[in-house]
Amino acid sequence: MNVLNKEVFNQTKKVLGLIVSNKLVNGFSKQFKSYMFQSPKFKPIVSTDNDDKKMIYLCDTLKKETDIPDQLKTFIKENDIKVIEKDISLNYNNFSYEQVLKTLLPKDVGIPFSFERIGHIIHVNLKDEQLPFKYIIGQAILDKNIQVKTVLNKVGEIDTVFRTFKIEILAGEPDLVAEIKENECIFRFNFEEVYWNSRLQYEHMELVNTFKKEDIICDMFAGVGPFALPAAKIKKCKVYANDLNPSSVKYMKENAKTNRLESKVEISNLDARDFVKSLVEKSIPFTHVVMNLPSTSIEFLDVFRDIFLNSTIPPPIPPPIINCYTFTKLDESSDLIKDTIKNVENVIGAKVPSDYVCYEVRDVAPKKSMMRITFRMPTILPYVGSLTTASTTTTPTTSNTNTSTTTSTTSTSTTTTESTNTNNSANNVEDKNNKKRNSTEDSNETNETDSIDTNKKLKN
């Protein structure tokens with residue numbers, strides 16, 4: 001059974017009809033709507049041969065007059081309404097998506113209700129037991145969703161370096177170039193050539209809302225720009241965006257032009273590590289790093305470890321705030337947040353500062369979650385810019401006990417800033433969508449170059 005047979009739904013039903021005066025129709029519709037015949041694209045109120053009266057069809061559960069509830073019986077009697085039996089004709093168009101698939105699929109095959117909408121495209125992930133009926137499911141989705149032109153199914157897992165996957169068109173046109181509006185920006189791209197996930201729309205804006213106008217953003221795995229373009233358009237940030245996929249870069253450039261952001265977004269097509277190194281070599285003081293490649297993002301933290309922890313040469317920029325998305329598997333004895341932090345620390349070879357923010361973005365599979373961890377990259381060296389003013393600048397740094405002050409001098413090249421980072425506070429952290437979010441003990445740290453402004457990071 002691979003083709004949807006619409007003729008199966010051609011049928012005639014016997015229902016009760018009421019001949020109602022025109023002046024009573026509106027009142028009847030409001031008071032007794034639940035008793036009227038309800039079906040997609042079916043009009044339960046129709047004209048009659050008498051211009052002063054309308055026919056109102058009752059729901060098919062009221063098969064005879066004795067089935068009519070007392071309240072409706074009273075209304076019928078008081079207004080001298082005639083009750084008759086009528087035949088109505090129904091076809092495929094009069095049945096909902098769920099009704100169609102309940103009719104056509106075996107009882108032990110579930111109906112897919114969860115799918116992603118990308119412009120005119122609907123993307124489904126069918127289960128094994130649904131695959132023999134994939135074309136029926138695809139056609140039903142196409143027919144029952146307005147403005148949808150293409151229905152496709154993912155074939156296999158995301159296993160390419162560009163995060164793309166093989167697809168199969170189940171119904172509709174083979175047009176995979178979609179255009180959508182998200183977070184005040186227009187995005188256009190070929191869904192087969194790039195990575196896009198509409199389910200992350202809220203998370204895209206959640207992170208962008210932590211940025212300020214003066215921030216400079218380094219987006220290492222930018223895709224077609226779901227973080228980069230809103231950061232530039234809504235927050236007016238300067239953005240350096242990169243992706244290894246030439247198709248992503250092509251569409252990101254087009255999208256930047258469409259949204260008039262060419263002067264705010266500089267786009268590269270490099271390996272992510274080379275991209276970061278190029279910005280550092282140019283002394284571009286990016287303040288936030290976005291790392292949205294959950295399967296391998298954490299591995300790329302080594303580029304920051306080499307710049308801020310392993311190098312003997314002071315970096316030309318201050319340590320940025322890292323916003324890293326990653327997948328974390330949850331075993332019975334483990335904790336998502338603790339495991340995420342541990343995975344980060346294993347790569348950077350240092351403790352994550354105590355003012356980190358870490359929470360679960362969404363479940364992606366049983367015992368596997370997409371996480372976001374935000375922290376300032378620790379360092380053991382002052383950046384070059386701080387050395388030029390060290391002899392004349394005094395930076396008070398108050399410890400947790402409020403008893404000590406550290407003064408910067410030209411001999412501070414060996415000063416450890418990691419220890420001050422661990423005293424920073426994470427205030428006003430909300431519980432987003434009842435998911436875990438963690439920040440540790442408060443302190444009075446005031447060194448702006450070493451602490452994360454959590455009022456900037458999270459909504460109060």
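Glycine is no exception: its Cβ is also placed from the backbone N, Cα and C atoms.
Sequence annotations record features per position, and here Swiss-Prot assigns S-adenosyl-L-methionine binding site to H204, D243, L244, D271, A272, N292 based on sequence analysis. Taken from Swiss-Prot, the feature compositional bias 'Low complexity' applies to 390-428. Swiss-Prot lists 442-451 with the feature compositional bias 'Acidic residues'. Per Swiss-Prot, region 'Disordered' is recorded for 390-460.
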### Set of same-chain residues at least 6 away whose C-beta sits under 8 angstroms from L244 (S-adenosyl-L-methionine binding site)
V161, F162, F221, N269, L270, D271, A272
### Query
Across all chains shown, how many C-beta atoms besides its own are within 10 angstroms of the C-beta of H204 (S-adenosyl-L-methionine binding site)?
23
### Message
Can you give me the same-chain residues 6 or more apart in sequence from D243 (S-adenosyl-L-methionine binding site) with a CB-CB distance under 8 Å?
### Response
F221, A222, G223, V249, M252, S268, N269
### Query
So for D271 (S-adenosyl-L-methionine binding site), how many other CB atoms are inside 10 Å of its CB?
14
### Task
Please state whether DSSP places A272 (S-adenosyl-L-methionine binding site) in a helix, a strand or coil.
helix
### Query
Three-state secondary structure of H204 (S-adenosyl-L-methionine binding site) from DSSP?
helix
## Note on the structure
Cβ-Cβ distance under 8 Å, sequence separation of 6 or more, same chain as N292 (S-adenosyl-L-methionine binding site); the residues meeting this, in order, are D219, F221, G223, F227, Y325
